[in-house]
Every structure is written in C-alpha cells, then in structure tokens.
C-alpha cells in the first residue's frame, strides 16, 4: 500500500518537473505572454495590454525597422515597455529637436 502511494507520488513529481522544464524552455526561447505598460505605443498597443511575444527573432538577429520590441523598463525592472524600432546600429535618426527627443525616449 505504502509502496503504491510513494510510486504514484514520485511519478506525479517526475511529470511535474518534466512539464515545468518544457514550459520554461518554451517561454525562454519561443515566446511568452507579456503585459506592456506605458502609453508610448498607443493606438497600436494600449497601457496594460496583454501581448504574445516571440523570442526567435532576437536569437536569429532578424529585428528590422518597424518591429515592436518588448524590454524591461529601466525605471521599474518588474514591468515591460513596448517600443517600435526606428533605427538599427549605424543608422542616423533625424529629429526636429534633438534635446526633446533625448529626454523623452528610451534607447534599447
């Protein structure tokens, strides 16, 4: 009787660990569900919208202009911010007033 209960318990724990590892790998490498904060992407993405993110582009360096990226907020590491890519490494970004742009925008 005790052996049967212990066997079922260890089997349940084994399956739990296996599915936990699979879920971790899926969220780490394939994508996940993210809550974005901040009004900077409105009307495309609103504050506190829930979005599905995919992580494959960052692993294969396929990020292009116009893509939306999700990063940890520099002010609050527990929250995520969404930004649209307007330039890549080596690109020049022209603005009407550079001092205002540097105060209100984040660089990722």
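Numbers run from 1 along the shown chain.
Including glycine, each Cβ sits where the backbone N, Cα and C put it.
Around the Cβ of residue 40 (active site), a 10 Å sphere holds 16 further Cβ atoms from the protein chains shown. Annotation source TrEMBL lists active site at 40 (among others).
If you look up TrEMBL, you'll see 83 (among others) marked as active site.
For the domain 'Peptidase S26' (16-97), the predicted model reports an average pLDDT of 81. Annotated domain 'Peptidase S26' per TrEMBL: 16-97, in sequence order.
Cα separation, residue 40 (active site) to residue 83 (active site), rounded: 7 Å. Cβ neighbour count for residue 83 (active site) (all protein chains, 10 Å cutoff from its Cβ): 18. Helix, strand and coil counts from DSSP across the domain 'Peptidase S26' (16-97) read 20 helix, 21 strand, 41 coil.
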